Amino acid sequence: MTNLNKKVRVGIIGSGNIGTDLLIKTMRSESLTCTIFAGRNFNSAGMKRANELGVHISDRGIQAILDDPSICDVVFDATSAQAHIEHWRELEPLDKTVIDMTPAKVGGFCIPAINAEEILASGNRNINMVTCGGQSSIPIANAISSVHPEFEYIEVASSIASRSAGPATRANLDEYIDTTEKALKQFTGAQRTKAILILNPAVPPIDMQTTIYAKIDRPNIAAIDAAVREMVERLKRYVPGYQLVLPPTLDGNRVVTTVKVMGNGDYLPQYAGNLDIINCAAIAVTEMISSLRYGK
């Protein structure tokens, strides 16, 4: 088999919404293939879907990979922040690249539109995808900081459909806030950051929406607008449903920008843009790994 025909073999731990949507996206990728889908319950919706697709499944979680390390090259950990810490201890000696879908922040933060090439070049084998709110807000915050690197405070508020927040999301809310705020500081240089997550119970469910507030002294709105629009186009390359709803607008001493994310509807409903954006980001960086290995 030539390099052009080779695909990066992906193992997925976690058969919930995130894991199952990752499975569908992996199977549709020209450069990735899923060789093991591991959860805890063969009767879960995700396991049943994987079985229907002919994917090798296991109800032994991470143990399925530990028992046969050769089964995959890259591992998506779609479990929980607490579980990931233990998973990494077990996977690190196996020389696997692990894409962490949880807010455990064990590895380096990755926002594909900003630093995918940099983090892959660093050789970091634990790649943290931050959070859904981080993936939607940090690119905009980073674009603003490219124009005004001196701003002191940034706040991001993400509103998501309550139906899209599964047990792992709800259990990791404290970790979500902490990880999002730390990543905001890293990618903007802001002295102070604040992250808010709102679970909206509205029916019909709302699309994910994120508003970014940046406190800037004498902001150059025209330059900020140009930088933000360029960043939005960069994101659309791997998140087609990413939209600029409110362009950078001056509100007192704050610059306010709002974006919306509609999901692809691969496995999850379109309103679950919060899950879709972090999964699209994970697929994008893993496809870059494939490109580096096999030239495609």
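Cβ atoms here come from the backbone N, Cα and C positions, even for glycine.
Look at Cys132 (active site, acyl-thioester intermediate): DSSP puts it in a helix. If you draw a 10 Å sphere around the CB of Cys132 (active site, acyl-thioester intermediate), it holds 31 other CB atoms from the protein chains shown. The active site, acyl-thioester intermediate annotation in Swiss-Prot covers Cys132 and is backed by sequence analysis.
In sequence order, Ser80, Ala81, Thr102, Pro103 are the residues of the chain that are 6 or more apart from Asn172 (NAD(+) binding site) and have a CB within less than 8 Å of its CB. DSSP assigns Asn172 (NAD(+) binding site) to coil in the three-state reduction, outside any helix or strand. The NAD(+) binding site annotation in Swiss-Prot covers Ser15, Gly16, Asn17, Ile18, Ser164, Ala165, Gly166, Pro167, Ala168, Thr169, Arg170, Ala171, Asn172, Asn274, and the record cites sequence analysis as its basis.
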Between Ser164 (NAD(+) binding site) and Cys132 (active site, acyl-thioester intermediate), the C-alpha gap once rounded to whole angstrom: 11
Rounded distance in angstrom between the Cα atoms of Ser15 (NAD(+) binding site) and Cys132 (active site, acyl-thioester intermediate): 18
Around the Cβ of Arg170 (NAD(+) binding site), the count of other Cβ atoms that are within 10 Å: 11
DSSP-derived class (H/G/I helix, E/B strand, else coil) of Ser164 (NAD(+) binding site): helix
